[in-house]
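S.K.: The following feature annotations were taken from TrEMBL:
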type     : residues  : note
DOMAIN   : A:45-479  : domain 'Aldehyde dehydrogenase'
ACT_SITE : A:Glu264  : active site
REGION   : A:480-506 : region 'Disordered'
DOMAIN   : A:541-750 : domain 'Aldehyde dehydrogenase'
Amino acid sequence: MQISDILQTMDYGKAPEDSTIVADWLARHENGFGHFIDGAFTDPGETFEVQNPATAEVIAHVTQGSEADVGTAIAAARAAQPGWAALSGHERARHLYALARHVQQHARFLAVLETIDNGKPIRESRDIDIPLVARHLYHHAGWAELVEDELPGTQPYGVCAQVVPWNFPLLMLAWKVAPALAAGNTVVLKPAEYTPLSALAFAEIARECGLPKGVLNIVTGDGATGAALVGHEGVDKVAFTGSTDVGKTIRKQIAGSGKGLTLELGGKSPFVVFDDADLDAAVEGVVDAIWFNQGQVCCAGARVLVAEGVEDAFTAKLRARMDKLIVGDPLDKNTDMGAIVHPVQLERIKSLMAQGAAENVEITQGTAPEGCFYPPTIVTNVQPASILSTEEIFGPVVTVTPFRTPSDAVALANNTRYGLAASIWSENVNLCLDIAGQVKAGVIWINCTNVFDAGAGFGGYRESGFGREGGREGMQAYRTTPAKQGRDRTLPALTATPQDSGPQGLDRTAKLFIGGKQTRPDGGYVYGVEGKNGPVGLAGLGNRKDIRNAVEAASKASSWGGTTGHNRAQILYYLAENLSARAAEFADRLTSFGQSTQRAEAEVETAIRRTFWYAAQADKFDGAVHATKSSHVTLAMNEPLGVMGLVCPTDAPLLGFISLVMPALAMGNRVVAVPSQVHPLSATDLYQVIETSDVPAGVVNIVTGSRDDLATTLAQHDGVDGMWYVGSAGAMVEAESAGNLKQTWVEGDGARDWTSPEGQGRAFLHRATQVKNIWVPYGV
Amino acid sequence: MVMSHADPHHTRNPGMPLDPAMFDRVRVNKQASERRAAGFGARRSVKKTHQAAWLVNAIRLIDLTTLSGDDTPGKVRRLCAKARAPVAPRIADVLGIADMGLTVGAVCVYPTMVPHAVEALQGSNIPVASVATGFPAGLMPLDLRLREVEWAVAQGAAEIDIVITREHALLGNWQALYDEISAMRDACGAAHMKVILATGELETLTNVYAASMVAMQAGADFIKTSTGKEGVNATLPVSLTMVRALRDFGEATGHRIGFKPAGGIKSAKEALAWQVLMKEELGRDWLNPDLFRFGASSMLGDIERQLEHHATGRYAAAHRHAMS
């Protein structure tokens with residue numbers, strides 16, 4: 001083509017990235033890849049094909065990991081773990097620095113390989129994925145150096161099973177491997193079957209760096225391999241990034257195993273544009289949100305919510321911008337959108353779009369070449385009920401829905417079972433921060449989107465999972481505190497019929513406490529409570545409907561989380577003082593259960609002090625401002641989980657209750673508490689204390705009855721956001737929690753001495769909160 | 001093939017009454033602008049023959065400029081000679097562009113240098129642009145500034161690059177700014193008016209947007225970033241803001257306004273980045289000299305070196321090219 005011709009059109013022309021070095025590497029491995037176990041590559045076993053989605057060309061054969069392969073890898077990781085953890089933090093840091101440096105040195109090789117394997121544009125793999133991989137490794141090399149100082153009293157889990165998705169293959173590997181290794185764990189990681197190659201290349205880099213053998217093991221394969229890995233009894237901690245459905249399966253699969261678990265799952269993130277936004281900036285934001293990585297991004301801003309007054313102007317700008325996108329060869333430097341990762345995923349997108357089209361939405365599309373490509377797509381006239389608004393499409397499809405007011409925008413934003421991320425666009429920072437506080441999501445980007453840094457936590461609320469990756473909160477997900485085993489104990493059967501004799505002394509009627517009122521149990525039954533010398537009273541026999549009512553009351557009391565820490569502290573202090581004023585009465589109650597007077601008085605005293613301690617923490621368990629990118633404030637805010645179900649220890653009937661309820665309240669949660677089944681009356685005696693202490697109605701709800709029946713209902717309730725359970729049915733709680741992926745904390749009775757310092761501390765506060773990272777760029 | 005300098009159908013901007021509603025609610029987000037601006041170089045890549053073509057196009061867009069206290073008639077003649085023949089024949093021949101009549105877009109000088117430039121460019125079709133209105137600070141009585149414009153036009157300047165009173169923009173005195181620019185537009189007569197906003201001194205992008213809009217409402221044919229004398233000259237985020245303002249003005253009025261980044265643009269690579277900006281944000285038409293100019297003095301030298309490399313495969317040395 002002549003210069004004079006080009007001057008007429010001023011086209012960009014082709015700008016292909018040279019891929020010969022990667023082609024040579026693939027050719028050297030044409031006999032297939034084995035796993036990377038114990039510092040060496042195994043011979044290829046039974047293999048499957050890996051394709052370049054842009055060309056449909058088979059580029060490699062990779063081994064399908066068997067259960068035996070998984071076992072071998074876990075054994076290698078197990079053998080290496082004590083030595084790895086015994087290294088000084090400094091020594092581990094040097095290994096991680098080496099990995100980071102070598103990733104940087106091999107950056108272009110990794111970028112080209114990732115693009116060929118995944119189909120993402122070379123611009124993204126080169127400018128975003130691989131630089132973030134290096135940054136993550138550098139950041140966590142620092143954590144290796146500091147972890148003993150910064151997270152005292154914690155220890156590594158041991159062997160981590162990690163399963164990563166195909167959308168950011170190497171970046172997700174780095175997010176998993178870097179903190180795990182920094183914390184002193186060893187790793188068996190399974191890359192996605194569509195995109196295993198960069199993980200294998202990373203294994204070669206680890207070998208080049210001299211990472212000790214067995215510390216990092218890569219096993220390739222499909223979902224069955226992943227299931228074998230996370231389910232293996234030799235694993236101490238499971239970390240998964242992928243779909244919500246698989247996340248729920250894993251939650252159920254490992255329930256009761258005692259394994260640590262973090263899940264980073266799907267999303268349908270809102271992208272809220274107010275009428276005072278810089279609309280051109282917001283349009284570019286949509287490009288970065290949904291037309292980044294072909295929309296195959298868990299935190300993609302897939303639901304544009306736009307102020308109705310600017311909807312037409314915004315949509316017109318967005319359509320004009322979409323027309324400028326170049327879709328095609330991922331290896332061309334001018335390509336904005338490359339190939340969809342696999343024909344199966346393309347079919348999924350097409351199928352969802354076909355269902356959406358049947359709902360009379362309006363669809364505008366750009367162009368895309370033949371093959372495994374999908375055009376950038378805008379869907380308007382789409383209602384919240386549309387399948388395109390509710391389902392994660394994981395493709396380059398954005399919906400546009402108008403809202404009327406800020407509260408309408410918040411309601412629409414939160415009208416989802418997910419809670420991974422949100423973008424908020426307005427030049428009024430008052431408005432932005434107000435909305436940021438109200439949206440239920442783990443990452444909030446103000447006037448930006450898809451901004452990442454290793455120094456900030458990333459992870460979701462609700463069914464987008466739990467646990468964070470990046471920053472201090474991410475490191476905490478790879479360190480544990482030594483936990484003693486509790487014991488399984490069969491509780492005495494409940495007797496709901498009249499007792500042989502009545503209680504001596506004062507006979508109070510212990511009802512339930514729901515929505516600030518003492519209420520009779522729905523079923524109309526009571527059960528007998530035994531003391532050391534026979535029956536000491538009757539307690540309400542709560543049932544499913546009582547739990548339902550209690551959760552409903554707790555849900556309505558949402559203003560508790562918005563009040564200041566100071567206010568919550570004042571109320572908890574007041575409660576402690578009122579408890580103190582009646583200390584003798586509570587001690588008598590404990591004595592009636594068979595405790596010595598001395599022990600009873602000590603338990604009451606500790607309960608009072610513990611309440612003070614959590615009151616004091618209410619306005620001090622702050623978040624942080626993370627050091628991330630220049631001209632960005634990144635706020636890590638500790639937010640309450642919401643409604644928490646607390647199933648209290650059997651022992652220490654007063655103190656056990658206080659030990660669970662107070663940290664939850666101090667952090668702004670509303671609670672539905674199930675007191676000790678055997679000795680519920682210490683908790684029911686608290687009704688009057690609570691009523692006289694200005695605790696708002698619905699903040700504390702107490703349902704007595706069969707511990708595990710009530711726990712089952714709580715675990716199955718989708719309106720419960722978090723659950724702590726002490727008892728012998730922890731496996732049930734963890735399995736049932738998968739319904740809405742509520743966060744759980746379970747242990748057996750007797751695992752800790754509630755009267756000792758281990759019954760109190762910041763660990764409880766961490767468990768009662770989730771971190772929301774809010775990114776606020778600034779500058780004029 | 002002879003490339004024309006301007007679309008003959010291009011009509012001038014007649015201006016309109018001051019309408020603050022077109023800008024007073026617009027707030028430009030700096031971080032987002034910077035992110036987008038960084039994308040022009042990262043998202044678009046022009047290689048090989050296409051790169052040569054884009055660099056040739058950039059030459060058509062240059063207002064080849066000298067604005068120094070030590071300018072003399074001799075210096076201006078040298079500049080004009082380069083403007084007529086911006087690429088050495090040995091390079092143009094290899095590139096196959098020898099017969100396209102390639103020249104720069106205009107020559108830009110101080111008012112007293114206009115007669116020398118007009119004389120040196122006779123018969124070339126290259127317009128002479130003159131800065132005026134007390135360039136670069138503009139802090140002269142208005143009547144003197146208007147007389148300066150008239151004088152430069154009388155000397156043969158076909159384009160006048162005026163500077164605004166920054167005070168009016170900084171104090172939000174948009175009516176005063178509008179009135180001043182309108183008067184200058186009248187003084188320009190048939191000469192095209194480029195309005196220099198001196199964006200480095202307006203500081204905020206929101207101010208840049210508002211001042212751009214006022215300038216266009218007052219009849220600017222082009223809006224231009226900088227005099228080259230401010231501490232901060234043309235930047236991509238500022239250019240993005242101005243380009244979006246002229247797009248918005250065009251959508252509202254139907255008039256096509258030109259854009260001229262100036263000051264500190266020295267490299268061939270920058271010439272590509274700015275052209276990408278224009279193509280991405282506005283489209284192909286804004287890669288023609290009737291709607292886009294670079295204010296530059298040394299960029300041409302770098303472009304010529306890159307073109308020689310393209311022609312010969314060898315890296316070039318500046319001393320082998322005619323200086324301006």
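Cβ coordinates are placed from backbone N, Cα and C, and glycine is handled just like the others.
TrEMBL annotations: computationally assigned, not manually curated.
As the structure is a computational prediction, the values presented were derived from the model and not from experiment.
What's the neighbourhood like for each of these?
M.R.: A strand conformation is recorded for A:Glu264 (active site) in the three-state DSSP classification.
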S.K.: Same chain, outside the region 'Disordered' (A:480-506) by at least 6, Cβ under 8 Å from its Cβ: which residues?
M.R.: 153-157, 237, 260, 525-528, 530-531, 533-538, 541, 650, 677-678, 705-707, 726, 728, 747-752, 763
S.K.: Can you check which residues sit near A:Glu264 (active site), meaning Cβ under 8 Å from its Cβ, same chain, 6 or more apart in sequence, and list them in order?
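M.R.: Once residues fewer than 6 apart are set aside, A:Glu264 (active site) is near A:Phe240, A:Thr241, A:Cys298, A:Phe458, A:Gly459, A:Gly460, A:Ser464, A:Gly465, A:Gly467, A:Glu469.
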S.K.: Mind tallying the region 'Disordered' (A:480-506) by DSSP state, helix then strand then coil?
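M.R.: DSSP classes over the region 'Disordered' (A:480-506) add up to 0 helix, 2 strand, 25 coil.
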S.K.: Restricting to the domain 'Aldehyde dehydrogenase' (A:45-479), what is the model's mean pLDDT?
M.R.: 97
